[in-house]
Amino acid sequence: MSQESSYGKWTISSSDDSEDEKPKPVKPSTSSGPQAGQGVSKEPTYTCSEARKAAHKRQISPVKFNNTDSVLPHKKQKMDSPEGLGWCLSSSDDEQQPDVTQQEQPKGVPPQEKKYAPSANVTTAQKVEDRSPPDSHRAQRADEEYETSGEGQDIWDMLDKENPFQFYLTRVSGIKAKYNSKALHIKDILSPLFGTLVSSAQFNYCFDVNWLIKQYPPEFRKKPILLVHGDKREAKADLHAQAKPYANISLCQAKLDIAFGTHHTKMMLLLYEEGLRVVIHTSNLIREDWHQKTQGIWLSPLYPRIYQGNHTSGESSTHFKADLTSYLMAYNAPPLQEWIDIIQEHDLSETNVYLIGSTPGRFQGSHKDNWGHFRLRKLLQAHAPSAPRGECWPVVGQFSSIGSLGPDESKWLCSEFKESLLAVREEGRTPGRSAVPLHLIYPSVENVRTSLEGYPAGGSLPYGIQTAEKQRWLHPYFHKWSAETSGRSNAMPHIKTYMRPSPDFSKLAWFLVTSANLSKAAWGALEKNGAQLMIRSYELGVLFLPSAFGLDTFKVKQKFFSSSSEPMASFPVPYDLPPELYGSKDRPWIWNIPYVKAPDTHGNMWVPS
């Protein structure tokens, strides 16, 4: 689709107006002839967003950077410094407009995939990367690297009482080993060291079934696996085709009756001979999400079975068992009844986090408090500490995609949503809503360009131009991605977190890790003059509250992977605090426009279509 605005005319691949990650049917590649990475499909074999398809295409068929003017339009333009890379979303007339439009390419001719000639402004690292094996070989090498991903680290040390939060990051290929020493790959989670697997359920948005099966240890690969998905029509048929060769895989389709909803929840239910474990995380079940991205994981304790005669409900002080059961019941899906029964048979009393889920529907009365941001509001009103008198504690939101939030901040972000984030036990002592700073962390173009993956990392940041140009009011809230504390500044975030830090960012009132991006579809939006909450998608996360750990507040851990010299109650925030506001030249990453002014870390440009 072609779209014209004050920013110029662009060819748009898909609409982003209502939701961040819309499922699209995947069709087999019909391309022929030699390709960069021959034998690899131009499109992923799994259902995914248009943004991820563009990233996949550019990884196997990159457009090399050339610092001549041959790829730029022949018109006089003011040149910006490198900091000014990317889309200009300012109303100022003297800001530079984008360099290349689809309109200016010869009709029917794709951008030339030029041979890369290193220039003076290309780093040594970029030159070295250009001499490395093709992407398909690098992918294979990385997979082999992860065959023994847990070696060199004692998983039992990671799961002991020294880590009361059981909050982890995924391993990242290409960073210093010390930053992976207490991180987890999916193979670690599915390892026999965690338990003798009987069966498992995988709730997710994107599935690469062949890849997923290989992540299980060989001795567990024929154990029953239930895939809970939201695919419809062609995408559903594709997933069924992927699963067909595996007799042990069954599928459960989550009902999505409201337009633009997705099954975005990412959870594993792992039944062992020794008990049950719940894993709530932020990664799709595809290789890319476990390779060079920042992702979050919460691991439950190993829940023991409740034996007959042991008169216990197995409930925790956080009501986790009842809330997880209610979440699964909301699917109204017969295949999940077996898992509901399994949960009832286990003792979840050691759980110290609260479950926050979203399920599609329109909720009124007390049902409004069960899901989405009203669920968060209810829990904070019951348990969140108030700020000391005279202190104004900000709120932080960090996410990988953004939905359509309305024509101004008053329509949702700084009204109902912020009101939920600001909820506390003692309402009378809080400053006015407008006085509380709101820091939103979302990667800039420069963050993506200099990342480990380069521009294709932006395929997992599907903020589209159609949405962005309607809500320029949002962008002054944006802060850069920076994660020196965890060694992940160059591993683009797919994790989503929300928290309430102290004014000096040394303490936390609460911390949430979730699948929910910054969108009304994920969190819900009020209708009928506030009488009804409408949610489109399935989401799931866990809330850490100090009171559940016998504390007033959490202290922020200085270094995510530091030794146990810090107090046990120090919470490991995975990125740097305080967040750094975008500079005047920074622009939010927008996936469906080109970036051609400077190469990424692989010497490539970004031409998404």
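Positions of Cβ are set from backbone N, Cα and C atoms, glycine also.
Summarising the annotation, Swiss-Prot assigns compositional bias 'Polar residues' to 1-12.
Ser61 (phosphoserine) has a Cβ environment of 16 other Cβ atoms inside 10 Å. In the three-state DSSP scheme, Ser61 (phosphoserine) is classed as coil. Taken from Swiss-Prot, the feature phosphoserine applies to Ser61 (among others), supported by similarity to another entry.
Here Swiss-Prot flags Ser119 (among others) as phosphoserine.
Annotated compositional bias 'Basic and acidic residues' per Swiss-Prot: 127-143, in sequence order.
Residues or ranges marked as phosphoserine by Swiss-Prot on the basis of a large-scale study or a structure entry: Ser132 (among others).
Taken from Swiss-Prot, the feature phosphothreonine applies to Thr148, supported by a large-scale study or a structure entry.
Feature annotation from Swiss-Prot assigns phosphoserine to Ser149 (among others).
Sequence-distant neighbours of Lys266 (substrate binding site) (same chain, 6+ apart, CB under 8 A from its CB) are Phe203, Asn204, Tyr205, Ile280, His281, Thr282, Ser283, Asn284, Ser515, Leu540. What Swiss-Prot records for Lys266, Lys496 is substrate binding site.
Here Swiss-Prot flags 401-404 as region 'Interaction with DNA', drawing on similarity to another entry. Each residue in the region 'Interaction with DNA' (401-404) has a pLDDT score, and their mean in this model is 98.
The feature site 'Interaction with DNA' is assigned by Swiss-Prot to Ser519, with similarity to another entry given as support. In the shown protein chains, 27 other C-beta atoms lie within 10 A of the C-beta of Ser519 (site 'Interaction with DNA').
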Cβ contacts of Lys496 (substrate binding site) (under 8 Å, same chain, 6 or more positions away): Thr282, Gly296, Gln398, Phe399, Ser400, Val513, Thr514, Ser515, Ala516, Asn517, Gly541
